[in-house]
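Listed in Swiss-Prot for this protein:
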- 85-91: disulfide bond (DISULFID)
- 102-240: region 'Serine protease' (REGION)
- 119: active site, charge relay system (ACT_SITE)
- 149: active site, charge relay system (ACT_SITE)
- 224: active site, charge relay system (ACT_SITE)
- 268-359: domain 'PDZ 1' (DOMAIN)
- 365-457: domain 'PDZ 2' (DOMAIN)
């Protein structure tokens, strides 16, 4: 009994010793607050030393035309006759200048190529780029695409540029730490940090292609075109937009994923533009209600309601009722995501789609083809109305005119008085029920265009020359 007691006491003393020594060891390993902040391993300075020389500040100058229409209450029949009699336009315009600020990222140090947002350099007459060392240089636009809000500008004969290293945006995860670098409010290079709040965001502007990275890193006006990088200093996105009620940062910023940027810039450098692809489907978001009706366990993807005849989708065997859930083995978050990804690929790219059909996943290879334009960019047809996007206006399946989808501010179309949702039904006294009719008139290269336009309940003439 005495022997057992001695053994028990020995074991107890040993356990107490381990407990005390273990506690002391763990206590010594825990860094103090001072050591935490003094340690270089917890600073972003080393990363920023590599990245900041690749980010530039952009200053833009250009001309803008502001239009003012005579208020409707003063447009009585008598007043209209008086205005017409004296040749006074109902739409008054004045010329002015504008200045804009933005950021950019050096993609190619050898050729001086910089990527930025299309809206940063839109309507620019002069572009000045300031490098991180303070040197200023002139730049020119190589190409841009407003649908993706991407542009490439080029510096002339500038040496010793520092191009940024790229990451793979397909491997990003919500919660990853990120750093935003740009030129907010013209302050110069400014660094903020945060995390990835969400991926595959869309819906900010239904006219454009969107597949954004969302971040809470502070992004403000002037940050557009700047860099969003990971903790290795690799570029993961181009900062593009913020969601804000008053113009300031509220922790909701958006960046274009770098993989999409690479697809777009490759096309701009090769063709001077982005050649939009066509899959040839009509569809919608797959949500929980639709999934319940279809009796499937998938709640994200793109539901196909129609496949266009002889389109790449049709040729490849895709059918109405299919649900696209994978693109190149990556999950598809929404129809908007699929639309943006498809449009950004170079033409003739072969993609692999994961299709859910009859509750089974089937993989289909599709070769993309350039989209046959159902809309026209009028700048290709006639400089008199450049800046407007037009499409056929249909009622009960029949063409009844030409719809103005949107008009860029300050363009000839805007100065003429064209506005979004206008319906053009007559040009130079010729009835135009479709784009093909309109093209016939424009091919005569008229010096003046007289557009008969329906706007809401009003009918008006617009003259451009």
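Quick reminder: no glycine exception, Cβ is built from N, Cα and C everywhere.
For the domain 'PDZ 1' (268-359), the DSSP counts in helix, strand and coil order read 26 helix, 28 strand, 38 coil. DSSP gives residue 149 (active site, charge relay system) a coil state; it is part of no helix or strand. Across the region 'Serine protease' (102-240), DSSP classifies residues as 10 helix, 64 strand, 65 coil. The residues of the domain 'PDZ 2' (365-457), classed with DSSP into helix (H, G, I), strand (E, B) and coil, number 20 helix, 40 strand, 33 coil. Residues near residue 149 (active site, charge relay system) in space but far in sequence (CB under 8 A, at least 6 apart, same chain), listed by position: 117, 118, 119, 208, 240, 241, 256. Note on residue 224 (active site, charge relay system): other Cβ atoms within 10 Å of its Cβ, all shown chains, come to 27. Confidence across the domain 'PDZ 2' (365-457), taken as the mean pLDDT and rounded to a whole number, stands at 77. Taking all protein chains in view, 17 other C-beta atoms sit within 10 angstroms of the C-beta of residue 119 (active site, charge relay system).
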